[in-house]
Amino acid sequence: MKVGIIGCGQLARMLALAGLPWGLRFSFLALPGEDASPVEGLGTLVTMSEGDSADALYLAMGKPDVLTPEREQLPLSLLRALHRLEPMHPSPDAVAICQHRKREKAFLNGLGLATAPWQSVDAKMDWQQLGNQLGWPLFIKSCEEGYDGKNQWRLKLGDTESPQLQSGQEYLAEGGVAFERELSLIAVRSSFGRMAFYPLTENHHHQGILRCSLAPAANLPRGMQQQAQQMAAKVMEAMGYVGVLTLELFQLEGKLVINELAPRVHNSGHWTQSGSATCQFENHLRAITDRPLASTQAHSHSAMVNLLGVQPPRPELCPDAKVHWYNKALRAGRKQGHLNLSGNDSSAVHGQAQKLVETLYS
Ligand code: ATP
Ligand code: MG
Ligand code: MG
């Protein structure tokens, strides 16, 4: 069976690495200008040029049995044209919701799910008044093309500078959520409608980029895992979703607020490669190839540390860490790889992760 992945980044790489052992074959579609080094040697690579038809691309990819988008920021017209030729999971409709912040928030609120208070904005806004209304700090985010905190601004009470919004782009503003911590839920739904959920993960960001995840999240208020699962189930059922879906969450006074959705495997789920019965990549592949899902149970305590613009530390410094390197040229701030740690003693694992973060980034 052949899986066609649209996109060539580290998520495509790790999907392939999870599926090759059970005989799946892969082809990858690189968008114009995309760096395909993470998937080198893992299957057929097709590089798209402007004007290529969906039929030609699908043929060049070796007519995969199923297609899967690697990330949400892909041209919808391309996804829809390819979807006409072959099943695609998650569907272009699901991706369409998640690739546009306003659409996503309206969808979530329509299901009765909590998000930060938000409003559409344009360059003529009175930011101080809006911040007083929605809550400080005020986050202004472009509706599309935003990831790792790019294309967003954080305004404080009394800031006199206005964000430089580009004409022709849509933006929204969100009130700051005074969260206790950030969590995420990796959920998966099979093509038979069965669902499974990994334990909630605790996430630590630095300047809008995920740096470290701890799993399973410790000291969860009673019922919070179930609350998160019910939220994800509602979203996946409403979308008729197949595959892995991630909820990025804020924990606030015993409740969960959804920050955003990711219609894909997620950086905060990389710990599942070492710390759970079945990793997120395998379960995504199981879902999209009509196989039953496998156990999402955590078998130990885990930590994941991102390698952002840095090489892995010397092996003597982290003998127990599993290194995942994405085969990308080194660039400041870029996601180059990650380290997974796991063990039976959560404070030992967290301590090791903390030390690694200090070694890498101070
Ligand atoms: P990615 O897709 O890579 O996760 P992104 O560019 O879509 O990132 P967000 O997830 O919207 O960005 O924001 C990045 C981080 O900024 C969040 O994880 C959180 O730490 C902080 N943040 C964003 N919005 C809010 C908010 N309304 N209140 C408090 N913190 C926020
Ligand atoms: Mg995002
Ligand atoms: Mg985010």
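Residue numbering: from 1, along the chain as shown.
Note that Cβ sites are derived from N, Cα and C of the backbone, with glycine treated the same way.
Curation plays no part in TrEMBL annotations; they are all automatic predictions.
When Cβ atoms from all protein chains are considered, those within 10 Å of GLU182 (ATP binding site) total 20, not counting its own. GLU182 (ATP binding site) falls within a strand segment according to DSSP. Sequence annotations record features per position, and here TrEMBL assigns ATP binding site to ARG101, LYS141, GLU174, GLY175, GLY176, VAL177, GLU182, HIS205, ASN259, GLU260.
The annotation domain 'ATP-grasp' is assigned in TrEMBL to 105-289. The average per-residue pLDDT of the prediction over the domain 'ATP-grasp' (105-289) is 96, rounded to a whole number.
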If you run the three-state DSSP split on GLY176 (ATP binding site), which class comes out? coil
Tell me the coarse DSSP state (helix, strand, coil) of ASN259 (ATP binding site). strand
Across every protein chain in view, the count of C-beta atoms other than its own within 10 A of the C-beta of GLY176 (ATP binding site) is 17
Any idea which of the binding-site residues ARG101, GLU174, ASN259 has the thinnest Cβ neighbourhood at 10 Å? ASN259
